[in-house]
Every structure is written in structure tokens, then in C-alpha cells.
Amino acid sequence: METTTKKARSLYIPYAGPVLLEFPLLNKGSAFSVEERRNFNLSGLLPEVVESIEEQAERAWLQYQGFKTEIDKHIYLRNIQDTNETLFYRLVQNHLEEMMPVIYTPTVGAACERFSEIYRRARGVFISYPNRHNMDDILQNVPNHNIKVIVVTDGERILGLGDQGIGGMGIPIGKLSLYTACGGISPAYTLPVVLDVGTNNQQLLNDPLYMGWRHPRITDDEYYAFVDEFIQAVKQRWPDILLQFEDFAQKNAMPLLTRYRDEICSFNDDIQGTAAVTVGTLIAASRAAGSQLSEQKIVFLGAGSAGCGIAEQIIAQTQREGLSEDAARQNVFMVDRFGLLTDRMPNLLPFQAKLVQKCDNLQHWDTENDVLSLLDVVRNVKPDILIGVSGQTGLFTEEIIREMHKHCPRPIVMPLSNPTSRVEATPQDIIAWTEGNALVATGSPFSPVIWKDKVYPIAQCNNAYIFPGIGLGVIASGASRITDEMLMSASETLAKHSPLVNNGEGLVLPALKDIQVVSRAIAFAVGKMAQQQGVAVKTSAEALQQAIDDNFWKPEYRDYRRTSI
């Protein structure tokens with residue numbers, strides 16, 4: 001039976017002439033038809049030939065290849081995004097594996113550091129502390145009325161690079177690009193926001209080109225009151241918004257998530273998204289080895305909000321697999337710069353205190369050190385899994401990895417710190433130190449490792465496997481909150497798409513070319529769980545799938561019809 005593709009309805013727009021060509025969401029450039037050029041006062045403003053989007057994308061790809069540095073490629077792609085968003089997403093989808101590291105990590109780190117230097121065109125919303133009383137007016141200035149996803153940062157903890165001030169805007173822009181490229185969320189529904197509360201980065205304060213508020217960061221009650229003003233203004237403007245907190249400092253990330261997750265549909269990708277993709281990866285890796293996550297002993301290097309968020313989700317998963325909470329917590333060991341977290345360690349943050357080991361249980365350990373180092377922990381715990389979220393390069397030393405491998409034939413090693421310059425150990429070293437036996441997943445992209453004439457592809461434990469699907473699922477289901485169970489369903493769905501589990505070989509995570517398939521599956525699982533949890537209206541499975549299909553945007557030009565304002 002012959003099938004036909006349903007053609008998108010024509011779009012009625014009031015803009016014309018140069019104004020239309022300057023509107024990134026609507027601009028088609030050389031792809032405007034002869035009729036559209038006549039109807040929208042574009043005749044003579046474009047070259048004669050009417051091109052298809054694929055012809056435009058081919059030209060853009062050739063131009064892209066002419067740039068030699070990753071930051072220049074990033075700037076070029078951002079320029080396309082700011083002039084023709086449909087073409088930008090067609091180009092990125094055509095070359096996702098090549099371009100994802102350019103539009104997001106690791107290249108976005110350099111773009112954040114150089115934000116004021118390479119700034120070209122406004123995108124998103126900048127809300128500075130001196131303008132805090134104009135919050136409602138600022139949000140009313142956003143031209144897109146149907147915003148459904150906001151990614152917001154205050155720029156204080158950008159990747160592993162620290163305080164970048166308003167340069168942190170590069171992260172919400174990049175994240176939302178992946179919501180669209182991987183999760184099919186229309187760019188018209190997205191809004192990047194930076195809360196400009198000053199910066200403690202003296203280099204930025206002294207930089208004559210820095211475009212942010214030149215003031216030390218506000219803190220404590222003033223800071224939280226400012227964030228609350230923002231949240232209330234967002235709720236007033238877009239009551240059904242999905243708000244993603246991004247790259248907030250450890251001291252603020254968890255308090256903000258705790259305070260607002262039941263007030264507005266929100267989540268913190270550094271804490272919950274990282275946890276979801278990591279747990280999904282570990283579920284798949286355990287199944288591929290014929291075991292369960294509950295059977296593994298896990299050591300973390302880095303006990304900040306991200307590391308503790310991953311640990312808590314691992315504990316929740318192993319409880320689902322049958323462990324008691326106490327037994328699940330005894331399998332997880334958190335190490336930070338002061339050593340292993342124990343019940344005798346002072347000044348722990350509340351989210352760290354739940355993850356301590358009891359000193360009474362460590363009396364038999366083979367060590368004479370008062371501070372239990374990562375090597376001490378690895379030597380005594382004999383872990384199956386080692387996870388790095390320290391933001392410090394080189395801390396997974398050869399001695400530590402070899403000690404782990406001595407007791408674990410197939411260790412799982414996950415140096416997750418971003419960007420690449422902050423990774424705890426390179427895949428090349430880990431593979432060599434374990435004689436080719438480690439399963440390695442990283443936070444940043446790495447090329448395959450060649451060791452003793454064998455090729456080892458390296459899985460990237462990228463949050464982009466998770467958050468676009470969560471966003472699509474929330475939009476399609478109309479979920480009012482994001483629950484822990486919705487995040488667990490995302491992890492489980494990701495694990496089900498593992499080539500290593502399904503085929504017995506290949507990467508532990510799906511190929512990037514399949515990421516839209518994975519995102520749609522996660523969207524369905526998240527939407528279904530939202531309905532079961534009572535945070536979304538119950539519908540049939542068919543209706544939920546139809547809602548996902550209806551909300552899945554594709555980078556294709558639509559026919560335009562002229563209308564008045």
C-alpha cells in the first residue's frame with residue numbers, strides 16, 4: 001500500500017521584506033519560492049536561484065569544513081542559528097556526531113570563556129540584579145508567547161571552568177539546541193536565560209569587553225530573593241513551563257531544586273540528568289555482564305551535588321532490584337578532597353550526610369592513614385565501578401586503576417568530568433592500564449582507542465541521551481512536575497536501547513544517529529510514568545504517542561501565506 005507524507009499546513013505570517021529575512025525562526029534565505037518572494041516583498045533581495053534546504057545545507061557543510069578550529073566552527077554554527085534556525089537544525093541533524101561536540105561540550109566551554117569577545121547577536125534573556133524590579137517587563141519583551149522550555153543559569157559553575165558570569169549563557173543556548181536537535185522540541189518553544197548576579201571572576205571584572213554586571217556576586221538572602229522573583233515572574237508569564245536549572249554552584253544547586261521542584265515543573269540537569277544517564281549506562285553495563293547493579297560496589301571521586309545526585313539514583317535503582325536501603329547505601333563510597341565521607345567527618349552538606357560510611361564498619365581496613373584516600377578506598381572496597389565527577393584532571397592514576405583491575409576482571413570506569421581538559425583519566429590510559437579489559441564511558445567525547453591493534457570505541461555518557469526525551473515527554477503529556485520515578489523510567493528506557501545488551505557487542509550506549517529514536521522512547525516512558533504518578537492527565541497509550549508525534553518538530557520549511565498583524 002502506498003503511503004504519503006502528511007504535508008505541514010501553511011503558516012500565516014505578517015512579516016515581509018528585510019524584517020522577514022532577519023527573523024531566524026522564519027527566514028528561509030534562498031529557499032523562499034518565487035511566489036513567496038513576490039508576496040513578501042523579497043524580489044531582488046535574494047539571488048535568482050530558489051534552493052532546497054538540502055542544497056543550502058550542503059553549502060553550509062562545505063563552509064563549515066573550511067574552518068580549522070573548533071571555536072571557529074562553533075561561531076559559524078551559532079551565526080547560522082541566529083539567521084536561519086531551520087537550516088541550522090537540518091545541518092546539525094545531518095552531521096550530529098560531528099557537530100554535537102562543537103555546539104555543546106567540550107567546545108561550548110571555550111565559547112563561554114570568550115563569550116563577550118565573540119558576541120555577535122542577541123539570543124535569549126539576560127536578567128541582571130539591578131533590573132530585578134523589572135522582571136515582568138523583561139519577560140514580556142520575549143517575542144515568542146508559547147515558550148515551553150527554559151534553561152536558566154547564573155553562570156557560577158560552568159562545566160569544570162567555574163565562574164564565567166554572563167558567559168554562562170552559552171550553556172543554555174547549547175542545551176536548548178540539543179532539546180531541538182535530539183528531542184524534536186520546536187526552537188520556537190525554547191528560551192535560554194542567564195541570571196546576571198555579578199561575578200567573582202576577577203579576570204572578567206577587569207576585562208573591558210565584559211558585557212555583564214561588573215559587581216561581585218550577590219549571595220545569601222539577596223540571591224535567593226532574586227531567584228524567587230524570577231521564578232514567580234516565569235510562573236506568571238508561562239504557567240505550564242518546564243524549567244531546567246543549569247550549572248548553578250554546589251551551594252545553590254540542591255537548595256534551589258529542593259525549594260522549587262514541587263512549585264514549578266523543574267529539574268536540575270547537573271544533578272538529575274547526569275544521574276539518569278549514568279544509571280542508565282550502569283544498568284546496561286551490568287546486564288551486559290550478566291549481573292545487576294545491586295551486585296556492584298561503586299566508588300565515587302567527587303561528592304558534590306552531581307556526584308551525590310548520581311549516588312542517590314543508584315541507591316534508588318538497587319532498592320528496586322531488591323536491596324534494603326541500608327544495604328544499598330553500604331555499596332556506595334563517596335570520596336572528595338578530604339577523603340572518604342564518613343560519619344565522623346565534620347561540616348558535611350545535608351545531601352552528603354546521607355551518603356557517609358560508618359567508621360565502625362571500616363575498622364578492618366588495611367590502612368594507617370587518618371584520611372582515607374581514593375587509593376585506600378579502592379584497595380579495601382575492591383569496587384566494580386569507579387565514577388569521576390571531581391572536575392580535576394588526572395586523579396585516576398595508573399596505580400589506582402591497576403589496583404582496581406587487580407580485584408575486578410572487567411572494571412567499569414567512568415571519568416565524567418567536563419570539559420575534556422578536566423577528565424580524571426583518558427580512555428587511552430584506562431584501556432592500557434587494564435590490559436584492554438575496562439568498559440569506559442566518559443562525560444566528554446573521545447575518539448576510539450587503539451590498543452594492541454584492537455579498536456575500543458568509547459561511549460559518551462552524555463546527558464543529551466536523557467534531557468531532550470524528558471522535555472518531549474513533559475510537553476506531550478502535560479506533566480506538571482518531574483518525579484524521581486519519571487527519571488528512573490528514563491534511565492531504564494535508555495538501558496533498553498543499549499547495543500551491548502541487545503546485540504552482545506558494540507557500545508554500551510546507542511549511537512548518536514539513533515538519539516531521536518531514543519528520545520521518543522524516553523518521552524513515551526516519562527509521559528506514561530507521569531500519568532501513573534498523577535502529575536499528568538491519564539490518556540491511552542495511543543493518545544500519548546500521538547501527542548509525542550504532534551510535538552516532534554522537524555527542520556523543514558513550511559509554505560508561507562501573508563496576513564496582517
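For all residues, glycine too, the Cβ spot is worked out from N, Cα and C.
Because the structure is a prediction, the values reported are computed rather than measured.
Site annotation for divalent metal cation in Swiss-Prot covers E246, D247, and the matching candidate from D220, D221, D228, D270 is D270. When Cβ atoms from all protein chains are considered, those within 10 Å of Y104 (active site, proton donor) total 26, not counting its own. Using a 10 angstroms CA-CA radius around E246 (divalent metal cation binding site), the recorded positions that qualify from Y104, R157, K175, D270, N418 are R157, K175, D270. In sequence order, the recorded positions near Y104 (active site, proton donor) (Cα within 10 Å of its Cα) are K175, drawn from R157, K175, D247, D270, N418. Of the binding-site residues E246, D247, D270, E246 has the largest number of other Cβ atoms within 10 Å of its own Cβ.
Look at E246 (divalent metal cation binding site): DSSP puts it in coil.
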